[in-house]
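Chemist: Sharing a structure, written as structure tokens. Questions coming.
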Amino acid sequence: MSGKGGPTRPDDNDFDDTAGETAAETTDHHDSAGTRRTGDGDAEPDFPDVGNETFSDRPHWFAEGLSTILSWVTIIPISTMRDEFDRTSGRRAMAFLPFVGIMLSVLTFVVAGLGAWLAFPGLLTAILVVALWAIVTRMMHLDGLADVGDALGSYGNPEKARAIVADSSTGALGMGFSAIVVGLQVAAIHALLTYGVPGVGMALVAMIPVAARIGGMVCATRPFRPFSATNFGALLIGTIPKRWVGFWVVAAIVIYTFLVAGSLPLNFGDMLFVGYPGGTEWAQWIIAAPGIALLVTVAVAFVWAARLSRRFGGLNGDCIGCTVEISAAVSALVMTLVIYAAPLVLPVAGY
């Protein structure tokens, strides 16, 4: 591994796990990397400890997990507690991935608040928010998004797709895929920030990086497996139970539901929508947006991770980064649809 802090960071290719892959043969065999390959080219790494990783088998799990994930996926110059990592390190780090989202959430509030105070156009603030996320995370997730986009455009077998993921260059498909996903993020964030109540828009946008990283956690849940036993993704994929994702979903719903509710004026229905008979119900609909978005995002993340696992014969770190970006777009779009659909849905519901 390379980068700031010496051996404590992965390289800038976003958890590139495919170096050293060998060609698949027509019968099952084990290659020099300890990976069992089936006749169709799928790779199933052999890990004696898969499913047996522990969270507290050594001391300082909180400090190790938090410092490791901050060092790996942010520009913060922090040292980790270990110079060599194992799947327990990866398990602990992935448990704290949404904490990175919380940190970005606070920074998002600051940028969005400054944009409102300086009367920036909503589109400019939206671009600044997305740029902030990319810069603080060293654009690692964007790299994964582009690599996976290139690979998904291939009609080759899983081995060829894995080779494309490993390629450090980005093709037209990867660039186009990234442009679509990031464009959707910017458009939805702009719509949220320019909603009728600025505080509500900022609270909803601040939840997006948290929802994105909860979605990214999905790739590290069991029974997903890494497609290479030799590199960094092997430390992360399939190390955590699904209940940890559930814990973060519940925590995020509680936190951001209260934030959105607190951002609504007490006389919301009367003040903003004079004469509208469903003002109270409209407010309740908006308050429900974080919960709806988180549940949909996690569901999409599981479907997306399963799709990538079938396509590549497993997952790697690029798949995590790609899922983070996809989850950000999904959560932003769902919240936009929820709050802007209220005038259409409530009359149909009889309000």
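Every residue gets a Cβ built from N, Cα and C, even glycine.
Take a look at what TrEMBL says about it:
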COMPBIAS  26-40  compositional bias 'Basic and acidic residues'
REGION    1-50  region 'Disordered'
TRANSMEM  61-81  transmembrane segment
TRANSMEM  93-112  transmembrane segment
TRANSMEM  118-136  transmembrane segment
TRANSMEM  172-193  transmembrane segment
TRANSMEM  199-224  transmembrane segment
TRANSMEM  244-262  transmembrane segment
TRANSMEM  282-305  transmembrane segment
TRANSMEM  326-346  transmembrane segment
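Show me how these features fit into the shown structure, please.
Modeler: Residues 55, 65-66, 68-70, 72-74, 125, 128-129, 132-133, 136-137, 193, 201-202, 205-214, 216-217, 220, 236, 239-240, 244, 248, 252 of the same chain lie 6+ residues outside the transmembrane segment (93-112) yet bring a C-beta within less than 8 angstroms of a C-beta in it.
Sequence-distant contacts of the transmembrane segment (172-193), counting only residues of its own chain at least 6 positions beyond either end whose CB sits under 8 Å from a CB of the stretch, comprise 112, 115-116, 122-123, 125-127, 129-130, 142, 145-150, 152-153, 201-202, 204-205, 208, 325-326, 328-329, 332-333, 335-336, 339-340.
Sequence-distant contacts of the transmembrane segment (199-224) (same chain, at least 6 residues past either end, Cβ-Cβ under 8 Å): 51, 90-91, 94, 97-98, 100-102, 104-106, 108-109, 112-113, 116, 129, 133, 141, 185, 189, 192-193, 236-242, 244-245, 248-249, 252, 256, 259-260, 262-264, 286, 289-290, 293-294, 297-298, 300-302, 305, 308-309, 314-315, 319-321, 323-328, 330-332, 335, 339.
Nonlocal intrachain contacts for the transmembrane segment (244-262), taken as residues 6+ away from its ends with a CB within less than 8 angstroms of a stretch CB, comprise 95, 98, 200, 203-204, 206-207, 210-211, 214, 217-218, 221, 286-291, 294-295, 298.
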